[in-house]
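Feature annotations, courtesy of Swiss-Prot:
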SIGNAL    1-14  signal peptide
TOPO_DOM  15-630  topological domain 'Extracellular'
REGION    41-158  region 'Esterase domain-1'
ACT_SITE  Ser71  active site, nucleophile
REGION    158-310  region 'N-acetyl-9-O-acetylneuraminic acid binding'
ACT_SITE  Asp366  active site, charge relay system
ACT_SITE  His369  active site, charge relay system
Amino acid sequence: MFFSLLLMLGLTEAEKIKICLQKQVNSSFSLHNGFGGNLYATEEKRMFELVKPKAGASVLNQSTWIGFGDSRTDKSNSAFPRSADVSAKTADKFRSLSGGSLMLSMFGPPGKVDYLYQGCGKHKVFYEGVNWSPHAAINCYRKNWTDIKLNFQKNIYELASQSHCMSLVNALDKTIPLQATAGVAKNCNNSFLKNPALYTQEVNPSVEKCGKENLAFFTLPTQFGTYECKLHLVASCYFIYDSKEVYNKRGCDNYFQVIYDSSGKVVGGLDNRVSPYTGNSGDTPTMQCDMLQLKPGRYSVRSSPRFLLMPERSYCFDMKEKGPVTAVQSIWGKGRESDHAVDQACLSTPGCMLIQKQKPYIGEADDHHGDQEMRELLSGLDYEARCISQSGWVNETSPFTEEYLLPPKFGRCPLAAKEESIPKIPDGLLIPTSGTDTTVTKPKSRIFGIDDLIIGLLFVAIVEAGIGGYLLGSRKVSGGGVTKESAEKGFEKIGNDIQILRSSTNIAIEKLNDRISHDEQAIRDLTLEIENARSEALLGELGIIRALLVGNISIGLQESLWELASEITNRAGDLAVEVSPGCWVIDNNICDQSCQNFIFKFNETAPVPTIPPLDTKIDLQSDPFYWGSSLGLAITAAISLAALVISGIAICRTK
């Protein structure tokens with residue numbers, strides 16, 4: 001800390017002069033009012049700057065997230081890293097296989113990659129899905145699977161957001177009726193899906209032309225390997241016939257395929273005995289698959305004769321922990337047809353954050369692998385953020401952002417505020433001024449400027465760590481003014497209040513994220529109102545903090561002035577008499593200029609003939625006059641005598 005003092009001298013008798021500490025403030029200073037004390041400062045700055053979110057994905061904790069991907073996150077791909085949209089570090093966090101997707105592993109169409117997706121993490125990032133798209137041309141009793149994919153991805157994101165672990169269960173225990181055998185279909189490239197499996201029944205047209213009703217059973221486990229299963233995602237598949245005649249060419253009954261739970265309750269399927277046919281004119285059935293969320297247990301499947309579609313796989317979730325879900329848009333480059341099922345599924349799932357490109361996919365390794373824009377959007381996965389949201393991620397500590405961050409959002413997210421509404425605090429050169437504080441009745445040292453200020457402003461200081469250092473609890477040990485400890489004690493409660501405020505804000509927003517309502521806009525409007533109220537409350541608290549901060553530093557600096565005045569009085573001994581706070585009378589005949597330099601300029605090299613017992617060089621480190629308040633002048637190795645400067649001396653003699 002540096003000091004700049006202006007000493008003003010006035011003559012009281014022919015041989016005596018009066019020296020006082022004098023204010024040194026001009027129009028370049030601004031006044032800052034505080035609780036218990038005010039400050040003049042040469043500079044000011046906002047307590048916090050507005051932060052801008054970075055577009056793309058990030059995570060709150062590197063140790064608690066997991067990714068599920070394909071070739072664009074597959075480190076084992078022969079073209080890695082040119083084929084990847086993530087760094088090698090991030091690729092290690094993904095469960096990936098080139099050519100794979102969650103839906104391919106669920107249904108297992110012939111000739112496609114079948115990968116066992118499983119893993120645990122509070123935050124799950126999904127960058128997959130493109131391998132089951134129109135370009136894949138999967139044709140098995142339907143050509144367009146986009147609506148099924150949309151429903152599948154939506155259920156995956158929903159269950160993943162409520163679970164710590166998830167796993168594909170690729171082999172369910174089952175019991176198949178004796179008359180049914182595993183079959184293939186011409187409409188499925190003379191093969192069939194692994195899930196559901198197709199079982200057919202040979203029928204003797206002359207004796208039993210309609211066949212027997214199929215009754216089968218499957219069991220959803222409570223555990224698959226090391227993975228606990230509290231809920232399963234099951235595909236309930238069945239055929240849709242346009243008319244009874246299309247199905248019943250032999251004059252038999254209506255088509256049905258129904259799943260029952262252990263109590264006999266229908267949980268999925270289609271029953272044309274009670275539901276009408278489509279009425280269309282097609283002569284080939286279409287396969288439909290609904291997504292069911294089922295608890296572990298034994299389920300039965302009943303179907304009309306000849307065909308049985310049997311669930312063989314599921315995705316299992318432990319439902320132990322809620323957490324963020326990030327879905328990354330998964331599309332092809334030029335020349336390949338994509339769908340937008342991932343985008344639509346995420347946007348319709350509470351708690352899911354969607355990462356979307358603004359430009360077409362342009363790969364580096366080939367047209368479909370290694371897009372620079374996607375690499376930038378996913379580069380945040382290498383870091384930890386304080387806040388993740390649909391608007392992007394933030395790792396700065398400021399509690400405010402210019403624009404409202406769109407939900408869902410997680411972590412310590414900044415609130416929207418206008419720049420001009422953020423309180424300003426003093427910075428640069430600081431000078432305490434007078435103030436009254438009835439709560440300070442017995443300060444541990446006499447404080448100039450509280451009720452008995454001398455001639456006005458006394459003291460100029462440069463806060464080494466910047467004034468923000470006091471608020472954030474970080475400053476150097478050296479320097480004057482308030483200490484880190486006193487600032488922390490003074491603001492501890494308010495600091496805790498702010499954290500509680502932030503936490504309660506995030507909890508409220510996360511609860512709203514979890515709500516499902518037919519009026520989504522009403523929920524968003526309510527969320528915005530809550531955040532605006534929180535922002536105003538936080539700005540109000542910061543105003544209080546600013547006033548306390550100014551007062552705290554002002555008082556601390558004034559205590560430092562008392563230390564300075566005490567040192568001057570002690571150095572002067574009987575040569576100077578303190579006639580009022582900050583003013584001394586000296587006999588000019590007894591204490592000459594070198595003597596005055598020693599007393600008031602702290603001149604360590606000047607001879608002091610009038611005080612022979614003292615050394616001519618002073619080491620303030622060992623000077624007993626500086627033993628005292630830790631809030632006083634912190635004279636340390638970093639602050640030497642050379643840092644003390646008398647900026648001006650005026651001597652006036654009176655008759």
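Just so it is clear, glycine is given a Cβ too, placed from its N, Cα and C backbone atoms.
Taking CA atoms as the reference points, Asp366 (active site, charge relay system) and the residue listed as 'active site, nucleophile' are 12 Å apart.
Cβ environment of the residue listed as 'active site, nucleophile': Asn77, Ser83, Ser96, Leu97, Ser98, Gly99, His369 lie under 8 Å away, each six or more residues apart in the same chain.
The region 'Esterase domain-1' (41-158): residue composition by secondary structure is 32 helix, 25 strand, 61 coil, according to DSSP. Across the region 'N-acetyl-9-O-acetylneuraminic acid binding' (158-310), the model assigns an average pLDDT of 90.
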